[in-house]
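Q: Here's the feature list from Swiss-Prot:
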type    : residues : note
DOMAIN  : 74-168   : domain 'CS'
DOMAIN  : 169-229  : domain 'SGS'
MOD_RES : A2       : N-acetylalanine
MOD_RES : S3       : phosphoserine
MOD_RES : K10      : N6-acetyllysine
MOD_RES : K21      : N6-acetyllysine
MOD_RES : S36      : phosphoserine
MOD_RES : K86      : N6-acetyllysine
MOD_RES : K119     : N6-acetyllysine
REGION  : 2-81     : region 'Interaction with SIAH1'
REGION  : 38-59    : region 'Disordered'
REGION  : 74-229   : region 'Interaction with SKP1'
REGION  : 155-229  : region 'Interaction with S100A6'
Amino acid sequence: MASALEELQKDLEEVKVLLEKSTRKRLRDTLTNEKSKIETELRNKMQQKSQKKPEFDNEKPAAVVAPLTTGYTVKISNYGWDQSDKFVKIYITLTGVHQVPAENVQVHFTERSFDLLVKNLNGKNYSMIVNNLLKPISVESSSKKVKTDTVIILCRKKAENTRWDYLTQVEKECKEKEKPSYDTEADPSEGLMNVLKKIYEDGDDDMKRTINKAWVESREKQAREDTEF
């Protein structure tokens, strides 16, 4: 039952993360319904566990373990990272984390993700889920370290001596979308014209007048230069 509760809790946390990031109404409605179903199932299983009695009257009941608080989990969004030839290292600052029991700091790795859960730190739980890592990692060789007020997640690179420019594939795609696209075989002036055209379309009246004036002056200068030859 304990493993089922843990799996439901992980499902709930992931749905919450997706819900926070989603903007489409249809997707949000679907995720909201799924969140309600998981919360209901989680409550039912916790009630079943608390009501379960020993099979024999003379059997001592097992020690009651406080369930993971479901109502107050803090999403970790601030972190830093760097890399070596073998590892990508993620640094998360959590005041007092070195004082909680070691089993309260859990990290689950897959080839392209990791899931950090810190239980009962100053009465709160802390969660960080990172999916779609830029490149594959070795699950068996990845690990964590707990230092003073800091958790360090060590993702072992599957391909050593390779550089990660970004932590996740999503971050890479977002950054590349921000870069202007250049066609090396195209006329350089055509790229400039496309940029000016976009500025003109998005600009206000003053901007459009400025671009028109610059365009006319440029054409007049070109015409004068042509007549000199």
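Note: Cβ is positioned from N, Cα and C throughout, glycine not excepted.
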Q: Which one is it: of the modified residues K10, K21, S36, K86, whose Cα lies the shortest distance from the Cα of K119 (N6-acetyllysine)?
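A: Nearest in space to K119 (N6-acetyllysine), counting only the modified residues, is K10.
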Q: What is the separation, in Å, between the Cα atoms of K21 (N6-acetyllysine) and K10 (N6-acetyllysine)?
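A: Distance (Cα to Cα, whole Å): 17 Å.
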Q: Cβ atoms within 10 Å, counted per site: which of K86, K119 has the most, among these modified residues?
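A: The most densely surrounded of these modified residues is K119.
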Q: Around the C-beta of S36 (phosphoserine), how many further C-beta atoms are within 10 angstroms, looking at every protein chain?
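A: Around S36 (phosphoserine), other Cβ atoms within 10 Å: 11.
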Q: Work out how many Å separate K86 (N6-acetyllysine) and K10 (N6-acetyllysine) at their Cα atoms, rounded off.
A: 29
Q: Using a 10 Å cut-off, grab the number of neighbouring Cβ atoms around the Cβ of K21 (N6-acetyllysine), all chains included.
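A: For K21 (N6-acetyllysine), the 10 Å Cβ neighbour count is 10.
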Q: Please report the Cα separation of S36 (phosphoserine) and K10 (N6-acetyllysine) in Å, rounded to an integer.
A: 14
Q: List the helix, strand and coil residue totals of the domain 'CS' (74-168) as derived from DSSP.
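A: Helix, strand and coil residues of the domain 'CS' (74-168) number 6 helix, 56 strand, 33 coil.
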Q: With every protein chain in view, how many other Cβ atoms are within 10 Å of the Cβ of K10 (N6-acetyllysine)?
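A: Here the count is 16.
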Q: Once the DSSP letters are reduced so that anything not helix or strand counts as coil, what is K21 (N6-acetyllysine)?
A: helix
Q: Take the region 'Interaction with SIAH1' (2-81) and average the pLDDT across it for me.
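A: Value for the region 'Interaction with SIAH1' (2-81), mean pLDDT as a whole number: 73.
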